[in-house]
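Below you'll find the structure, written out as C-alpha cells, and then a few comments.
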Amino acid sequence: MEIIRGAPALSTFRVQKLMEACVNAALPVRQIYAEYVHLADLSELLETNEREQLEKILTYGPAIEAHTPQGLLLFVTPRPGTISPWSSKATDIAHNCGLGKVKRLERGVAYYVESDTLTVEQQQTLKGLLHDRMVEVVLDDFAKADVLFKRTEPAPFKSVNVLAEGRRALEVANVEMGLALAEDEIDYLVENFVRLNRNPNDIELMMFAQANSEHCRHKIFNADWTIDGEAQPKSLFKMIKNTFETTPDHVLSAYKDNAAVMEGSVAGRFFPDPNGVYSYHTEPMHVLMKVETHNHPTAISPYPGAATGSGGEIRDEGATGRGSKPKAGLTGFSVSNLKIPGFVQPWEGSYGKPDRIVSALEIMTEGPLGGAAFNNEFGRPALLGYFRTYEQEVSSHNGVEVRGYHKPIMLAGGLGNIREEHVQKGEITVGAKLIVLGGPAMNIGLGGGAASSMASGQSSEDLDFASVQRENPEMERRCQEVIDRCWQLGDKNPIQFIHDVGAGGLSNAFPELVNDGGRGGIFNLRNVPSDEPGMSPLEIWCNESQERYVLSVAAEDLPLFTAICERERAPFAVVGEATQEQHLTLADSHFDNNPIDLPLEVLLGKAPKMSRNVVSAKAVSPALEQSNIDVKEAVKRILSLPTVADKTFLITIGDRTVTGLVNRDQMVGPWQVPVADCAVTAASFDTYAGEAMSMGERTPLALLDFGASARMAVAESIMNIAGADIGSFKRIKLSANWMSAAGHPGEDAGLYEAVKAVGEELCPELSLTIPVGKDSMSMKTAWQQDGANKTVTAPMSLVISAFGVVQDIRNTVTPELRSDKGETSLLLVDLGAGKNRLGGSCLAQVYGELGDIAPDLDDAALLRGFFETMQKLVAKKSVIAYHDRSDGGLFTTLVEMAFAGNTGLAIDLSALQGTDVERLFNEELGGVLQVSRADAELIAAQFAQAGVPCHMIGSLANDQRVTIKDGAREVFSETRVALRTLWSETTYRMQALRDNPACALEEFKLKQDKTDLGLTVNLSFDPSEDVAAPYILKGAAPKMAILREQGVNSHVEMAAAFDRAGFESRDVHMSDILSGRISLEEFQGLVACGGFSYGDVLGAGEGWAKSILFNERARDEFSRFFERDSSFALGVCNGCQMLSNLKEIIPGSEHWPRFVRNRSERFEARFSLVEVQQSPSLFFQGMAGSRMPIAVSHGEGHAEFASAQALALAEASGTIALRFVNGNGEIATQYPQNPNGSPNGLTGICTTDGRVTLMMPHPERVFRTVANSWHPDNWGEDSPWMRMFRNARVNLG
C-alpha cells in the first residue's frame, strides 16, 4: 500500500465551523488541520516514472501544504468492506492513464488535532464531529488503513433448522435477522419448507422477507377491511384502481410497471443514430411518472438516504417498459420543528428524540444536499418541491398526544419520456440472458425493505445502520446512457424486460423480473460482480447496493448489448438464464451448492392475505382562540414558519436547467423569487408542447378530518397546475403517496376514509386518474427517555403529484405581478365560499393550536368550474399573474406575488366576510389573479357563471408597501422589503449554518436592497437575425464533435444548439478516441460538454484532462487537433474545467486560470446576468457589450490564478470573454450575482487567437427563449445565446 499526501481538505470557514462545534462540545481543542491522504493498493511496486505519474494524477484542489502537520492524528476513511464512489472513479482514471499496477485507489481525511490531553470520552465526542458513523471509521495510524484492501474468504450460507426445531427456530431467526415477518407468514414458511422436506437457508428467508415486506408487497393496501364491525366492500388498492376504471382516458400503463405512462405530445425527439449523428425523429413522446419515498434511511443518515431515494426513483423511471428516459424531478420533505440555533420560534417546543435518528435540522441540512447532488450529477433538473415542518402536542383522534415528523417524509419523483413501442414490457424468451447492469455488490443496505416497514424503534440500531444504502450517481448516469442507446434503436432494442434493483437487492429484483415475465431462472451467485469477496451468499444476493438494474436480453442480442456497455464503460454481468419452469435456482460455484432452490410460487405466490379489523375515532379539538392574535405578530410568525418561508436554500443547490428543456422552474421573474406553483418542460427542442408537474399536500388537516386532508391535497395539486395550458382534467394524471402510522388508534380507519374520499368520490367525479403511487405505513417513532415511553406519530399524510400534458408552454402563468401592463386589478377566487375555516392552518400552528374545523372541498363542482374557466383564460392569455391560496392564507399569496413582481399592493378586504384574521389567514382553496382592469368584471363574471365566488380585492401600488384595508380602516401596512426580510430569514439562517456564512449574508442583504434591478437585458445585436443562414444553404454541414466522458450530462442540448446553427452534431465518447474508433481529424470543431466527468473526484474536469494528458493516443489526438489552424473548440462548465487543465497542449492558453471550488463551497444553480466582453473569441463576434441572463450550474467555477500578476496578465491579454455583472452593468463582486466568487466576475476566457473558448455558464441550455427562466416579452423563438453557435458556423464560411 502506497500513501500519498493530498491537498488541504477544509477551507478556512469550514475549520472555523469545526472549531465552533468543538467549543460547543466543551472540547479543549486549540487547532485543527485537515488534508486528504490517498492510499494506493498495488499489484506490484511502481517504477519511479509511474510513481511520479500517480502523484500528478492525485494532485488537485488547493496547493499541498509544505509543512509537516502536528498534533493527534485522526484518520477518517471509508468503512472497511466498502468501496467509496470516489475510489471506483479515481481507479478508473488511473487505469485510463495506463497505470495498470494500481489495483485500487482510496482516499481518507487526516485530521491533526492540537489540544490539551483528551479523555477517552472526549476523543469519542471529537470523532463523532469528524466522521459519519454510517459510512466511515476513524483510525489512529495510516498503516492501519491497509484493512481497506484486505481480502477475506467467502462465508457460506446458514440454515435454520425448522425440520428439527419447528416454528420456534423461525421465530428466533425472525428477530435476529430483522425480517419483520408476521405470525401468519411464519406459519406459511414452516408449512412450505416442511412440505419441501428441507430446512430454509438464511438467504431464502431474507429473500422472502424482502419480497413480502410491507415496503414491497403493500399488504395494508391489499388487505380486507372491517371498520367498526362492518366489513368493507373494497381494499384500499381497489378504491385507487377505481379512478382508472372510471377514467382510463390517455393512460397507457398503470399499476404494473416501475412507473405509469400517459399519452404525450407528438414532437421531434432528438438523439443520435447508431453512427452517432444527431437528428430529430418525429413521434409520440409519451410521458411516464413516478413518485417514491425514502423516509427510513433519511431519518438515520440524511445525505445518503435522500440521495439513494432520488437515485432509486430515477432508476424506476429508466426501467419503465423496455427502457425510457427520466427528464425532470420533484422532491419533498416533511420534518419536525427545525429549532435553528439562535432562531428558535415561539411554537417550537423541545420534546426530544431517540439517539438513533437525527434531528429535523440535520435532515434539512444534509438531506436536500444528498437528493440535489444525485440529481445534479445524474443530470436531471429538480424543478418542484414542497417543505413542511410540523411537531405539536394536539388533541386529535387519539386524544392529546405529540404529532409530527420525527420519522420524516423524503419524497422523490419526476417525469420522463418513453417511445410508443417500448411502453409495454417485451417477452422474456426461454434461454434469454439475465443480466445485472451497474455497480458491484457491497455489504450495505441489508434489509432495507423490511426495516422501512417497521415503526422507528422496533429494530436494533445496528440493523438500522445496515439498512442505509450509498450513492454513486455517475455510475447510474453510465447505466442510463446504455438504456438510452438501447431505446434509441427502436424495434432493434435488445432489452426485452427491465427492472431496477431497489429494496431487497437482487433477491427481490431477479425473482420479480422472471416472475413478471412468466419465467423461472437459473442463476450463478459468483457471476454477481462483487468488490467484497468475504461476503456470504445472503450478503451478495440481498444487499441493496445502488445504481443497478436487472434485465433480460436474447442470447443473439448479447454482442450488441455488450458493445454498448463497453463504449459507455458501464459494468454488467450475465448472472443467469431464463427457464420455462417457474422455479428459482441459485448455484454457488465456490461452495458447489445451491443456496436457493425454490418454486417461485413459494416466494411470490400465495403468502397470506392481511385482514384489518379497526375502529374509527373522532377528533375533538377546541376552536382557535382568535382574541389574542395581533395581525402584525401573526404575519411575523407565519412568514418565519419554514412551510411558508423562502425556500432558496433548498432550490439553488439543485441544477434546474440541464437538458435545455426546462421552461418553468421554482424561480420566477427578474428577481428570481422561489414562488412558482408548477414546473413545466418542453417535449423537445422543436415544439411548444410539453409537460407540467405540481404537488398538493395539506397533512395537518388529517388531525381533524382525514377525508378533508385527502380532498384538499388533490385540489391543491389542481390549483397549482392550473396556470399551465393543459385544457382538460383528463390530460392530468395523479401520483398518490400515502403515509400513515398503521396500528395507531384511529389512523387505520382514517386512512380508509381518506382513500375512499379520493378514489371512490372526488377523482371519479372530476375525471382524474391515479395510475401510480406508493405507501409508507410505519410513520411513528417510539423511544424511551429518562425512563418514560415517548412517541411522535405523523399525521396521516397524502402527498399528491399531478402530471399534465401542456398544449403550449408559452402560455404558462406565474405568480410574477407585472407593473408594466397598464391598469390592472387583483381578483380572489374563493372556492371556500366565505367559510374561512382555520383548523389545521399555519396560523393555528404558529400559536401552538390546532383549531376545530378543517377547510375542505365541499363540492367538486367548484373545482371543476374554477379549473375549466382558468384554462380558457390561460389559453387566451387573459391572466397576467396567478398564485393559489394555501399555507399561510391569502396574506401569504399576496406578498409572495409582490416579492416576485418587486411591487407594492393596495388591498381592500371589504368584499370578504369574517374577521381580519379569518380573511387574511384562512387556507380554504382559492387563488389570486392579476388581470387587465378593462377585463376584470368580465373575468369575474365568467367565474361566477361557473359557480365560483370571485371578488375584486385591490391592485398594485407604486409605494413599495403592502397596505391592507377594510374600506377606510387600515388593517395592516408594511414595506415590501421588511416583509421580504421576514420571509427570507429562515433560508438565510439555514444557508449560514450549512454554507459559507459570508455568502449567505451577502444574499440576504441583496434581498433587502430596494435598488436591486434584478435581471436586465441590453443587446448590441438583433437576436432574431440568423447570421448563419447564408452558409447553411451552401451545402454539406461541417462536422462538430459533441465530446463527452463518463459522467457528462449536458451533451444532448449542446448537440441541439450546434444542429440548429447548421452543424452535423456527432456523439463522441472518450472511449471512442482512446480505442481509436474515432479520430478528431474528422471534425472541424469540438465541444467539451458539461456534467460530472468521473464524478469530479480528482477536481472538476481534472480527471478527464489527465486521462488525455497521460494517455499517449488521446494526447496525440488532442494535440494535433489544437495545432490545426482551421480547428476551433468550446468548453462549457465541466468541459471548461477540463480544457483549462490542457493548457500545455493548447496554443495561446498560457494565461488561463484553473477552476476551483465556489466561494460559497456549494453547488450553485442560478440564472445569472453576464456581459459579453470585447475579445478575439470567434463565438462572441458582434456580441460585445451585450448584457443578458444565462444558466449557471456548477460547484467548482471559481477562476483561480497563480498570482495577482497572472490575473493582471490575463486581463491585459484582452481574452476575457464573459463577466458576471449586476443589473446596472457593473462587475459583480458580491454573491449571488457573482455565484462562484471569481475575480473581476470572470466567467469566460479564450485563447489569444480566439479559436478556443472556455466558459462556466451554459449557453446551450438557454438557446431557445422558452428555456429561459425569465426573458423580455419581445424575444422570439431563438434567445440571444443562439448567436454564439451561429457565429461558429459563420467562422467556417
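Glycine residues also receive a Cβ, built from the backbone N, Cα and C atoms like all the rest.
Computed from a predicted structure; not experimentally measured.
Record check, Swiss-Prot: Mg(2+) site residues include Asp677, Glu716, Asn720, and the candidate from Asp516, Asp531, Asp884 also listed there is Asp884. Distance from the CA of Cys1133 (active site, nucleophile) to the CA of Arg315 (ATP binding site) is 26 Å. When the alpha carbons of Asp884 (Mg(2+) binding site) and Ala676 (ATP binding site) are compared, the span between them is 10 angstrom. Around the Cβ of Gly311 (ATP binding site), 31 further Cβ atoms fall within 10 Å across all displayed protein chains. Taking each Cβ in turn and tallying the other Cβ atoms within 10 Å, the top scorer among the binding-site residues Glu313, Asp677, Glu716, Asp884 is Glu313. Asn720 (Mg(2+) binding site) sits 26 Å from Gly311 (ATP binding site), taking the Cα positions as reference. Each residue contributes its Cα atom, and for Cys1133 (active site, nucleophile) and Ala307 (ATP binding site) these two points are 23 Å apart. Secondary structure from DSSP puts Asp884 (Mg(2+) binding site) in a beta strand. Around Arg315 (ATP binding site), taking its Cβ as the centre, 30 other Cβ atoms fall within 10 Å, counting all chains.
In the predicted model, the domain 'Glutamine amidotransferase type-1' (1040-1293) has a mean pLDDT of 97. Over all protein chains present, the Cβ of Gly305 (ATP binding site) has 28 other Cβ atoms lying within 10 Å. Long-range Cβ neighbours of Gly309 (ATP binding site) (same chain, at least 6 residues apart, Cβ-Cβ under 8 Å): Glu292, Thr293, His294, Pro297, Thr298, Gly371, Met410, Ala412.
Considering only the recorded positions Ala307, Ala676, Cys1133, the Cβ with the fewest other Cβ atoms within 10 Å is that of Ala676. The record assigns Gly305, Ala306, Ala307, Thr308, Gly309, Ser310, Gly311, Gly312, Glu313, Ile314, Arg315, Asp316, Ala676, Ser886 to the ATP site; their largest pairwise CA distance measures 33 Å.
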